[in-house]
Amino acid sequence: MTHTLSLNPLGGARLPDIRQAEAAECGLACLAMVSGYHGRHVDLATLRRQHPISIRGVSLRSVMAIASEMGMTSRPLRLDMDDLTGLKTPAILHWDMDHFVVLRRASRRGVDIHDPALGMQHYSYAEAGKHFTGVALELAPADTFSRSNERMRLRLGEILIWPRGTRSSICQALILSVLLQVYAVASPFYMQLMVDDAIAKNDHDLMTVLAVGFGLFMLCNVGAGLLRSLALVHLQTGLALEMSAGVLRHLLRLPLDYFEKRRTGDLMSRFAATDPIRDLLTEGVMSAAVDGVMAVLMAVLIFIYSATLACIVIPALLAYVALRLATYRALRTRALTSLQAKARETGMFVETLRAIQTIKIFNRENERTGIWTNCRVEVLNADAAMARMRAGFRAGNELVFGIENVLVIYLGAAAVLNGGMSVGMLFAFMAYKTQFVDKAARFVEKAIEFRMLDVQLERLADIVGTEPEPELVRQAVPAAYRRPLQGAIEVRDLSFRYADDEAFIFENASFSVAAGEYIAITGPSGGGKTTLVKVMLGLLQPASGEILVDGTPLRQFGVRAFRDQVGVVMQDDQVMSGSVADNICCFDETFDLEWMQACAETAGIHDEIMRMPMAYNSLIGDMGTFLSGGQKQRILLARALYRRPRILFMDEGTSALDVALEARVNAAVKALGLTRIIIAHRRETIASASRVLTVRQGSIEERESPARFAQVPGHQPAPAHPAVIDSAG
């Protein structure tokens, strides 16, 4: 999300206010801000593609390296708080030991900070000293630096999916809106006729005719208003469904690491951005168009009635417009801060609910309440800042138009006394003037809202602008896609690391697994076993090398086609809200009951399901309510088997079972003749494998004689043949 705040109120360069979308990309955001200040505007999505970073974040050395690639020179400094005034700004500061911020300005009154997580912040030197670690980085354009605008902006057309019947709904609402304005135009004229013709001439018959006529007109107006509202409801409902479904469809196709680097609350907030966009595109656009046309018409009418009085109204409106434009940037900054604060609060609330067992075990209810309360206070403070600005707008509005109203009534009364206009004309003028001011002000507000829509679009762009996972490439090897999977898989010269400046998790790894073979993957915790499986599944993209499925490169076979024919049980897999049957069948609408029960029997969970109150129809929650760890694992295993896979991947998939039950489940799965690739630590599980791959310190080694390995506690047999990997770190 990018917008600019003035560094110098008298003009000059502006320092962009760029907020981080990922939890650990504060360094990239700071570089984008400094680069934008010097004239090269680049968005975070572009920087992410050019300089991938891991969830661990970036070091100062990495920030300097990226700055150099962006055409900037850097000078790291260690200094005290008193030395900040001597820094060449904008500069990057190391903050809170795990964060980077941009120093916008240091003066006697304190320091102004652009925080990628919180936005614009002002600190006294005492407050800043609690956060500043003493490390700063000065940046300046080098000879290779070039001014440019590389920002990618999301356009409405990229997310708009108009439902059927949209055109007719828009036409109906527009026609009815015009009819409503006819009543608005005619009402002041009714007042003028009543005062000047009926009352002045004591004409009771005319009074009756006017009252009945405009009464019927009013009823038609009410009916038109009702029909317009119904048309807008139909339009909003259809557009909301199509937009939200389209964004969710894209979101679910994004790579796994996209979700691993973002907070749940922030993603929920970004997804919810479709709602204000929908509202503004339906009722907002139509209201703005009608208000704009009617404001022009009312302006013409008040000039026809009295050019003198109109020349008082117009400057008042222009003063209001100037006030709104002058405060636009501050309002936008506060709106963005409010959205981010609400996202943090939502994320903290969701995290608290998911960790409720841990919170209770450690008696941390009060502490967790305090943490959430702090997040809530941030939301309330942000909302209060917005409310204060709106109160200022209202006060300014009332002051400007209050003075205008006093002058218009005074001069209008003088015109009546001088015979320049009748009393009815004055009443009509005042009514038209009020409508002009209201509609013009609403038009200005809608224009501001449309401009503010960039805030929502930029947040939504983090979802829509991210490239989805590689899809099927059927054109390359069409026969491979149609051919059923046999179960052989080969890893060839595979390397992976989370970021360019980090050590390889594994490098140049090569091994093969024959169809029907059982391979155990072992090694120390944190060594990269789960990462290896994720790369084999196409969830993470390797730095180099390839994976072959039945001799066909995975990209050509098709990642989705491959996943359709494999079963997977990962450590952090979850059951979802629904029945036990729903979870085993993964919510298949036309599930095979007999096969589902057979899978449950293979996983050793069928008998326990039948003892539940509603058997397979028993409801479970998204956090596995009432299920033990072992029951949950076996339901997940049954879900993996239900797909009739040719390859089964398991990451500690039976670790919660006792040894005897695990042995029975493994024997039942073995009878299916699947290729099994299992991450395990238990010696009994490893001993039953035909081969063992050990992932350790950036290398993958293949070991034989697993039975002997299981019988000798603590014994680590020598590698039969290293699988081509040396540590890159």
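A Cβ is built for glycine as well, from the same backbone N, Cα and C atoms used for every other residue.
Copied over from TrEMBL:
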- 20-139: domain 'Peptidase C39' (DOMAIN)
- 173-452: domain 'ABC transmembrane type-1' (DOMAIN)
- 489-722: domain 'ABC transporter' (DOMAIN)
- 704-729: region 'Disordered' (REGION)
- 173-194: transmembrane segment (TRANSMEM)
- 206-227: transmembrane segment (TRANSMEM)
- 296-323: transmembrane segment (TRANSMEM)
- 407-432: transmembrane segment (TRANSMEM)
Dominant neighbour of the transmembrane segment (296-323) in 173-194, 206-227, 407-432, by Cβ pairs under 8 Å: 407-432
Cβ-Cβ under 8 Å with the transmembrane segment (206-227): same-chain residues at least 6 beyond its ends: 172, 176, 179-180, 183, 186-187, 190, 193-194, 197-199
Other parts of the chain folded back onto the transmembrane segment (407-432), taken as Cβ under 8 Å at six or more residues beyond its ends: 187-189, 191-197, 200, 298, 301-302, 305-306, 308-309, 312-313
Mean of pLDDT values spanning the domain 'ABC transporter' (489-722): 82
The domain 'Peptidase C39' (20-139) - residue tally per DSSP class, helix then strand then coil: 40 helix, 44 strand, 36 coil
